[in-house]
Amino acid sequence: MFNKAALSSYKFPCANVITLFQIICSSTLLYALRHWKIISFTMGESQSISSSGKSIILVPYKTLVQTLPLAISYLLYMLVTMESVRGINVPMYTTLRRTTVVFTMIAEYLLTGQTHSLFVVGSVGMIILGAVVAGARDLSFDTYSYSVVFIANICTAIYLASIARIGKSSGLNTFGLMWCNGLICGPLLLFWIILRGDVETTLNFRYLFSFGFQCVMLLSCIMAFLINYFVFLNTTLNSALTQTVCGNLKDVFSIAIGWFLFGGLPYDFLNVVGQSIGFLGSCFYAYCKLHGK
């Protein structure tokens, strides 16, 4: 919501700058919490202290290099997802993004060799069907917008599958994975922003010092940190596919909460049916996972 407000409502032209601010805020907070010994970056606090010593990066260089594929996939995921929000209406965006579950299943199979039962595949099929039905009235085709969203789906799938794979082999906990992402992605993104001339564009942005715009940016950074933390945690503890299904389930609650809090949402029978099918598919997936089917 806050990303959409910055890019569309305020017409901020530099999605990459928003991503950089989110990375800087996240890394600064993680460094402070680690410095005050409130959190650790590895599975054991004693291991973290002995391995990284007084190094400013706070993790072993070997571990940092090991997380490089995860960081690159994260950077692509953030940049493409931010761009995909810009040029497409929300119902259609939601519909297309829900197809991420299919890409995630493929990525898990290719990266980790993980396969799923027919029950799980069936629940994913229900989610996709629900998304198509919900967005049936908004199927206005736009080649560029559709392409960007599907690229975002692929990046998301690779990113989540990488978390599941590297998170379990690197010895890093959720905070450590987020920290390594910031260390690698921050400088690369800053270089790209300078190369594109986004620094000058940002400094000349007419709403840069607007209180409303600054509030939107601050809330965007806070939400990005919280979302990233719980995405890493959920994917590490469960699986990439489970995280993707949770994202689909979130859409149902977002629509319901928005309906009761803000009102004014037009009633659409197909949308209600589609959301209901997707919700049942997510519930069926949860049932299958809990009962080991």
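Heads up, the Cβ atoms here are built off N, Cα and C, so glycines get one too.
No curator has checked TrEMBL annotations; they are predicted automatically.
Copied over from TrEMBL:
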{"type": "DOMAIN", "residues": "2-285", "note": "domain 'Sugar phosphate transporter'"}
{"type": "TRANSMEM", "residues": "12-33", "note": "transmembrane segment"}
{"type": "TRANSMEM", "residues": "63-80", "note": "transmembrane segment"}
{"type": "TRANSMEM", "residues": "117-136", "note": "transmembrane segment"}
{"type": "TRANSMEM", "residues": "143-164", "note": "transmembrane segment"}
{"type": "TRANSMEM", "residues": "176-195", "note": "transmembrane segment"}
{"type": "TRANSMEM", "residues": "207-231", "note": "transmembrane segment"}
Contact check, the transmembrane segment (63-80) vs the transmembrane segment (143-164), 3+ Cβ pairs under 8 Å, seq sep 6+: yes
Predicted model, mean pLDDT over the domain 'Sugar phosphate transporter' (2-285): 81
